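Annotation comment: TrEMBL describes 8-409 as domain 'Enolpyruvate transferase'. The phosphoenolpyruvate binding site annotation in TrEMBL covers 23, 24. Annotation comment: TrEMBL describes 93, 308, 330 as UDP-N-acetyl-alpha-D-glucosamine binding site. According to TrEMBL, the active site, proton donor annotation covers 117.
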Ligand code: UD1
């Protein structure tokens, strides 16, 4: 028996919603705990399936992991296993983030390659070439990526593209390397800054967090620490778009509003009144009167518009007044989401990296299938603007990224239920 969401369109979302720690941060921070012997504590962890999966993956490497509410306690032993090819590892899309810490700590790693993803191909060439510059040999064998090094040394590394995953792995290997590493064209996402902050608290010497050039002076060893995971800016954006699309009034807490500067600017351009609350977790409020206006979106690495928010941009454009152009520069297959939107009555066409969407007054309910976390959330947002009941299937994708999604939607006044099918 599986479950799906039934979304009855028409409600205006009104109220307050709390955002917890970022999925794209917590998994990397849990991996970073491998770098120091002893107990590392993470707070503000989101209640999503990937966290216990990562806990199992770390246990398979010899750690003890205790999850209690929003707290994760990870005790890392002096001797770690470097075989990250267990069943738990295989189930985890973000498994690749243990590669850098294991190479840093054990000088070798065997990591199960992450499973295929519906958003498109996810090559690892930059992870490999970065680790090779640090002195490791890497190759693919029996479905795993293998890395081995006599010892790691500092290096000058230029990334072809500011990849989050490659930046994280190279950074986590470089903190324990001998000498200084410079990563140029590094990713600048807030989750990278969060990781740099935690590594620095552990004793790493990193300069340039949040800029394109990260300089890492290697140290002999790191100490465990306690760290609070940053709020999830993608979940925050989801609520902002939901408010704008349903002509609602939503106050979002638990996220740094400046991590969403461009998102909030786009919502303003669409006609929303946006209030920003200064302070780390104070969030923002989006109020929309009337139909949103069409806006163009281009996905780019941070501080550009995040590819993870692209499905919400498409959903908004589908009901906006006018024509929008959406350009996807990171994951080509993300446009598959548009076929599901067309089932809901969206007037949309794609051509290569571009989608043109002519907004319609109202979408029309239909059964639709989520293909990844954000596409799934985007379909629910679209369902909120459709007549009748939209059935959204394959909701396990959505629940990988949104703790208490249905509960939060209902709290804001949406008519959404979980149905067994
Ligand atoms: C992370 C996020 C994901 C987000 C993405 C881009 C996690 C768990 N996932 O994924 O939600 O959509 O960043 O912001 O944090 N690339 C290569 N070679 C490589 C590595 C990447 O060509 O070695 C390409 C990718 O195909 C993609 C681009 O670089 O086109 C960016 O990918 P990257 O930033 O690495 O994404 P992830 O870290 O996998």
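Glycine too: its Cβ is placed from the backbone N, Cα and C atoms.
Where TrEMBL records a feature, it is marked here on the structure.
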residue	record	Cβ contacts under 8 Å, 6 or more apart
23	phosphoenolpyruvate binding site	46, 48, 50, 232, 234, 400, 401
24	phosphoenolpyruvate binding site	164, 189, 191, 232, 234
308	UDP-N-acetyl-alpha-D-glucosamine binding site	234, 373, 374
330	UDP-N-acetyl-alpha-D-glucosamine binding site	299, 300, 301, 307
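Taken in sequence order, the binding-site residues 23, 308, 330 that lie near ligand 1, meaning a CB under 6 Å from one of its atoms, are 308, 330. Within 10 Å of the C-beta of residue 93 (UDP-N-acetyl-alpha-D-glucosamine binding site) we count 16 further C-beta atoms, all protein chains included. The full span of the recorded UDP-N-acetyl-alpha-D-glucosamine binding residues, 93, 308, 330, taken as their largest Cα to Cα distance, is 17 Å.
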